[in-house]
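K.L.:
Quick one: the structure is below, and I'll ask about it shortly.
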């Protein structure tokens, strides 16, 4: 099964999407889903003494402006594993530039976790948590000599727009 092409983007898009975990929370290993091999591969180990602040992965059947599937971060208390599918509620969007390309990231919470039942928008997340996530993406590639830039957070409505946009880009490229 191709976890990118064979799974719907979610059960109730854009309000609820599937996140296919590539990198568990707390990991320094950067795994990527290799679309052609249909397997997870170790892309690299982070050069810095930092770790992923949330579950990190992709939304199936999406394509974003950087030519890759739409990235998604899912806030969790405990890490899962590569390949885990999390039914997720988008709550925000981190605007970001990576290597000159727009590389925004959806921030979401797991539908099945009662700790996040009342979280509907990034305004429901402590400001410091958002700063930690943005700081990770501002610094995690510095020792590789690569530049990333975060441009700020937007709320759930912008996240929904980004999800719909990425589904449309995928549809135009692969389904027409």
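Glycine is no exception: its Cβ is also placed from the backbone N, Cα and C atoms.
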K.L.:
Which of 36, 103, 113, 118 does Swiss-Prot put in the same Mg(2+) 1 site as 66, 71?
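P.N.:
Answer per Swiss-Prot: 103.
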K.L.:
Kindly point out which candidate in 30, 120, 158, 172 is recorded by Swiss-Prot as part of the substrate site with 44, 56, 140.
P.N.:
30
K.L.:
Other than 66, 71, 103, which residues of the same chain sit close to Mg(2+) 1? List them in sequence order, counting a residue when its Cβ is within 8 Å of the Cβ centroid of the site.
P.N.:
64, 65, 68, 70, 96, 98, 101, 102, 104, 105
K.L.:
For residue 103 (Mg(2+) 1 binding site), what is the secondary structure state per DSSP, taken as helix, strand or coil?
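P.N.:
The three-state answer is coil.
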K.L.:
What span in Å does the substrate site cover, taken as the longest CA to CA distance among 30, 44, 56, 140?
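P.N.:
Largest pairwise Cα separation, rounded: 15 Å.
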K.L.:
I'm trying to understand the geometry here, so how far is the Cα atom of residue 44 (substrate binding site) from the Cα atom of residue 66 (Mg(2+) 1 binding site), in Å to the nearest whole number?
P.N.:
19
K.L.:
Compute the C-alpha separation of residue 30 (substrate binding site) from residue 71 (Mg(2+) 1 binding site), stating it in Å without decimals.
P.N.:
13
K.L.:
Looking at the binding-site residues 66, 71, 103, which ones sit with their CA no more than 10 Å from the CA of residue 56 (substrate binding site)?
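P.N.:
Correct set: 71.
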